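TrEMBL annotations:
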TRANSMEM  26-44  transmembrane segment
TRANSMEM  56-76  transmembrane segment
TRANSMEM  119-139  transmembrane segment
TRANSMEM  160-181  transmembrane segment
TRANSMEM  187-206  transmembrane segment
TRANSMEM  218-234  transmembrane segment
TRANSMEM  246-263  transmembrane segment
Amino acid sequence: VCPRGQRTDDNKICRECVGSPDRYDWLYLGFMAMLPLILHWFFIEWYSGKKSSSAFLQHITALFECSIAAIVTLLVSDPVGSLHIRSCKVKKLSDWYTMLYNPSPDYITTVHCTHEAVYPLYTIVFIYYAFCLVLMMLLRPLLVKKIACGLGKSDRFKSIYAALYFFPILTVLQAVGGGLLYYAFPYIILVLSLVTLAVYMSASEVESFKDLLVRKKRLVVLFSHWLLHAYGIISISKLDKLEQDLPLLALVPAPALFYLLTAKYTEPSRILSEGGNGH
């Protein structure tokens, strides 16, 4: 077992982590930082109701909480007081699950040598979630109590209650699936951004470009999905070769354009009416 901030080298000797996260590591940390913010925004929108004028301020507060939590997390990480962090390089999936590789020399006594081989990519996420939770509990109830007009007393705190559920879920997800998320998050972003955009457009009955322009909120949702889609493409390509990878960003609007161009052909009422006429 190595002390925190160290990992074994090829000769099984503990060496201090002196490197810095590469671009993919930062993209992974960015994804883990975005998860609570996206969930905050979703539940704020879900529970705010059509008559509430407090949703926008709650969105801004959630962004402020997560941003401050991210900055504080970096400041308290080694080296303390700097936005830079030192880390060990991730070599393989098993680096994330050292607890599964405790040896048993005589098949009776287990030698516990669990340590954070991917320092600090595993624990820094837990620290960030803890700061997010503390800041939310300090700031959001006061804000909601003052500005949540148009909502009943039982409804105005529901977005906060939702956070008290999804933070433990995110923590367990990181504890159990951190290594899997590290390798799969770009594809998770792409799939979720495509599915949620299609569901939102279908639920909002968006069938043309004109329908998008009717409400500013729809454009905001569309551009948010485009940003997520671009983030996923950048994470997959890592932008190692700019001349090859940057043109891929031109594909970002393609799913939305495809949906708008084909929505009129898949309208359920039209399919049913044509089916009825055929019979």
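Cβ atoms are placed via backbone N, Cα and C, with glycine included.
Curation plays no part in TrEMBL annotations; they are all automatic predictions.
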For the transmembrane segment (26-44) and the transmembrane segment (246-263), check the count of CB pairs under 8 Å (sequence separation 6 or more) and say whether it reaches 3 or more.
no
Comparing 56-76, 119-139, 160-181, 218-234, 246-263 for Cβ pairs under 8 Å with the transmembrane segment (187-206), the winner is 218-234
Considering only Cβ pairs under 8 Å, which range in 119-139, 160-181, 218-234, 246-263 makes the most contacts with the transmembrane segment (56-76)?
119-139
Recorded stretch, among 119-139, 160-181, 218-234, maximising Cβ pairs under 8 Å relative to the transmembrane segment (246-263):
218-234
Same-chain residues at least 6 beyond the ends of the transmembrane segment (160-181) whose Cβ lies under 8 Å from its Cβ atoms:
28, 31-32, 35-36, 39-40, 43, 46-47, 93-97, 118, 121-122, 125-126, 129, 132-133, 136-137, 140-141, 144, 188
